[in-house]
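Pulled from TrEMBL:
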- 1-131: domain 'NB-ARC' (DOMAIN)
- 404-437: repeat 'TPR' (REPEAT)
- 444-477: repeat 'TPR' (REPEAT)
- 484-517: repeat 'TPR' (REPEAT)
- 524-557: repeat 'TPR' (REPEAT)
- 564-597: repeat 'TPR' (REPEAT)
- 604-637: repeat 'TPR' (REPEAT)
- 644-677: repeat 'TPR' (REPEAT)
- 684-717: repeat 'TPR' (REPEAT)
- 724-757: repeat 'TPR' (REPEAT)
- 764-797: repeat 'TPR' (REPEAT)
- 804-837: repeat 'TPR' (REPEAT)
- 858-884: transmembrane segment (TRANSMEM)
Amino acid sequence: MIGIKGVGGIGKSTLASKIFEEEITLDPSLGDDEDLFPKRFWWEAGNLGGFSGLARQLLTEFGYPVPEKEIDLQEALIRQLQRHRHLIIIDNLESLLGEDGSWNNEFYQQFFTAWIEKGDTSKIIVTTREKPKTRGFNRWIELKGLKPPEGAQLLAESQITGDLENFSRRVDGHPLLLRLVADLILAEFPQNPSLERLADLGLGNLSQLLSDPQVVGSHRQETVGIALVLDASFQRLSQRQQELFTKTSIYRREFDSPAAKAVMDNYPEIALSEITADLRELQRRSLLEEKEENRQRIFSFQPLVWEYAQYKAGDQRELHQKAIAYYLSIAQPDSWEILNDVQPYLEIFYHCYQLTEYDNAFDILRAIDDFLTRRGYYQTRADYYLELVTVYQQQEEQTNWNYAASLTSLGNVYYLLGEYQKAIEFYQQSLAIFREIGDRGGEANSYNNLGNAYYSLGEYEKAIEFYQQSLAIKREIGNRGGEAYSYMGLGNVYQSLGEYQKAIEFHQQSLAIEREIGDRGGEAYSYMGLGNVYHSLGEYEKAIEFYQQSLAIKREIGDRGGEANSYMGLGIVYKSLGEYPKAIEFYQQSLAIEREIGDRGGEASSYMGLGNVYKSLGEYPKAIEFHQQSLAITREIGDRGGEAYSYNNLGNVYYFLGEYQKAIEFYQQSLAILREIGDRGGEASSYMGLGNVYNFLGEYQKAIEFHQQSLAIKREIGDRGGEANSYMGLGNVYYSLGEYQKAIEFYQQSLAITREIGDRGGEAYSYGNLGSVYDSLGEYQKAIEFHQQSLAITREIGDRGGEAKSWFNLGLTYYKLKRISEAKEAYLQARELYQALGLAGYVQKCDDKIRQLETRKYPLIVAFFLGVVKFPLVLIGVIIVALWRLLKRWLRKA
């Protein structure tokens, strides 16, 4: 990335234009072939709102797919710039910077920082008056103006005569000033365009003035020379052209002839063609710039000229009102698909903001807020709400409802981005205002939002506290719909705490209200919540019923995002049932919808689910691929929690691959993020993963420490299901150590909790572990009893994978008891289930065990056969010996 810096009008854009058109190299280290860019793009930074404007226009220009949601744009743009060789010019970068060189918002900063880190194939060149506070530019070029011969050539190309080099030297070769002078002389004296004519224009002392020590300085051309020349040009315009020049400066973006006509109210009868002709005359005098776009002439100001035009316009309040009226006339009512469809509303916001009509600006933004949220234009929402919050703070409007609502909206944006601590900060600020102004509904919503944020952080007790505060107010004010959502939040928390009956009660209360008030969308989400709880309980058939009810409603009401969530729920439950092909099918349906609607966060979750299924299938390379796709998206959208869980899942896969060092690295990366964002539940899961790895490495003390850290957190946050898993992990370590009594104690503690909370799947798993310990102790009858209890539960809940495992374990114990036929039957049952589930590796294990039985049987058969043959021979031998003895006695007697 290369930067071109210089004062306004010095020629930054001109140099960039030469590079753009002629592919002149600015990097001598590159060879000739390195400078060939098949596709090039020029972007005027001041003309488009937010980073999304750049990304969308660039991707469209180059013919690449444009993601619907803003959060996808950065990754999509960087990916294409890495894959292909392009030249990107970003002109007037200073319009994106604050006075101190800092970025106006974080999204610009994120893109440029990411490009500096990852960029290589394409080249980005920026022009700016000020350097941004971002390190990593390959080179900075400081422009000081054209050399005298170059300035003279520029004037000569416009047929200007006179002492050209001397004049260029006196104005420090300022390109814009030279061009303005040339165009002014040429327009006024086409027959004799000489520098001597400057005196006739009142500019006879221009070059002397610019050499005066009193005006020497880095901005003297801007403050003196250009102003003088612009004044001279302005004075020679017709009155109508002067009005057109000053009034169109009200637009912050490019504009066309109809937009220009809209502010020319003094000329109601003027034809559009006359407006266009006047605009082109302004362009001929270098007062406007012009380009053709979609067979339409588009005009814009050079930044310095725009500043001058605004100065000449004076009070622009009336012009802002006219601009608002114009944009209202072209705004579409509600058939919006892409951001450009609501651009007129964003322009109205800008003009209201300039009029200091901040509440009107807020109302305009609220009118399109649902669209921006639904389509995932989070960056745009953050940009505009941040502007409102900043000005409300400056005005100390602590009792303004719109201020509180803007804070809430900012909190929602950061919540969707997974930046929960930031979201909490904004929710707390909005709560304070709602309390102060006595808005009980707003106060309740703030409590609910805080509950959501703390729930996502795994701080369940805090979440419950906020949900209950929200619920109390909603009951008090009679907000039945809000009451239902508070019940839903409480249901989610109690599920995470392992208090499943409580969770069911809350979701049923939510469901009852939503049915009563006819909220079909809410009803679907309550079914989803109930499905989640029954899944956690191991009651998979019930879970499937609820997910399908949720899916049916979401299809009926056209909620595509909700439909994807229901498919994901079904994928999760079929994965738990060991029906992996079905699980994959549902995850893929979920993924297809999320791609279609541009839900990047949901897409990451579907990839994560697919990764988990392929891990269970033993297809580890595929699992890694899906988890890496999930990781890439979570990084791109800034979802720190999702990023951490992606690392954790990669750790799980490498653990099963036996690549323990890699697994440890991923668990530690996950742990670092989870600690940073304060996700205690996730932190405990990472500790558990580390405990499992160190157990297999034989570093048992380390393994115990990690499982104990996990257990401590689970107890602290009240996660009973997680506590049971930690006891199970400790049991596994002591089992590996051969300390079977200790292992039994931990497995029994795990079993007690799973029974208490009604987790049938966890209960079956605990019975299976106890069976394995008693098998190792040689107490085979006890082992069989526990494995049979595990088998009964897995059959009951439909867990075919768990059922297969129970049969396999029974086969191992029967074999040790020499109950060969029962062992074979158990292995065959396990094999049949594994075959149905598509688990080839486990089918092979069953085949190996069955062959082992046959090998054991063969020596017994041989022994029996030899015994049968040998017995008569021995008997004959005995008879012969007896007869021989009798014969000897008879002979002696004879």
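Glycine too: its Cβ is placed from the backbone N, Cα and C atoms.
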Per-residue pLDDT averaged over the repeat 'TPR' (724-757), given as an integer: 94
Non-local residues, at least 6 beyond the ends, that sit with Cβ under 8 Å of the repeat 'TPR' (404-437): 71, 362, 366, 369, 373, 378, 381-382, 385-386, 388-389, 392, 398, 443, 445-447, 449-450, 452-454, 456-457, 601, 634, 637-642, 677-678
Long-range neighbours of the repeat 'TPR' (724-757), counting only residues six or more past its ends (CB under 8 A): 498-500, 684, 688, 691-692, 695, 698, 700, 703-704, 707-708, 710-711, 714, 763, 765-767, 769-770, 772-774, 776-777
Stretch of maximal Cβ-Cβ contact with the repeat 'TPR' (524-557) [cut-off: under 8 Å; candidates 444-477, 484-517, 604-637, 684-717, 804-837]: 484-517
Other parts of the chain folded back onto the repeat 'TPR' (484-517), taken as Cβ under 8 Å at six or more residues beyond its ends: 444, 448, 451-452, 455, 458, 460, 463-464, 467-468, 470-471, 474, 523, 525-527, 529-530, 532-534, 536-537, 681, 717-724, 753, 757-759
Residues of the parent chain within Cβ reach of the repeat 'TPR' (564-597), under 8 Å, 6 or more residues beyond its termini: 68, 524, 528, 531-532, 535, 538, 540, 543-544, 547-548, 550-551, 554, 603, 605-607, 609-610, 612-613, 616-617, 761, 798-802, 804, 833, 837-839
For the repeat 'TPR' (564-597), the number of residues DSSP places in helix, strand and coil: 31 helix, 0 strand, 3 coil
Intrachain neighbours beyond the repeat 'TPR' (604-637), with Cβ under 8 angstroms and 6 or more residues off its ends: 71-72, 74-75, 417-418, 564, 568, 571-572, 575, 578, 580, 583-584, 587-588, 590-591, 594, 643, 645-647, 649-650, 652-654, 656-657, 801, 838-841
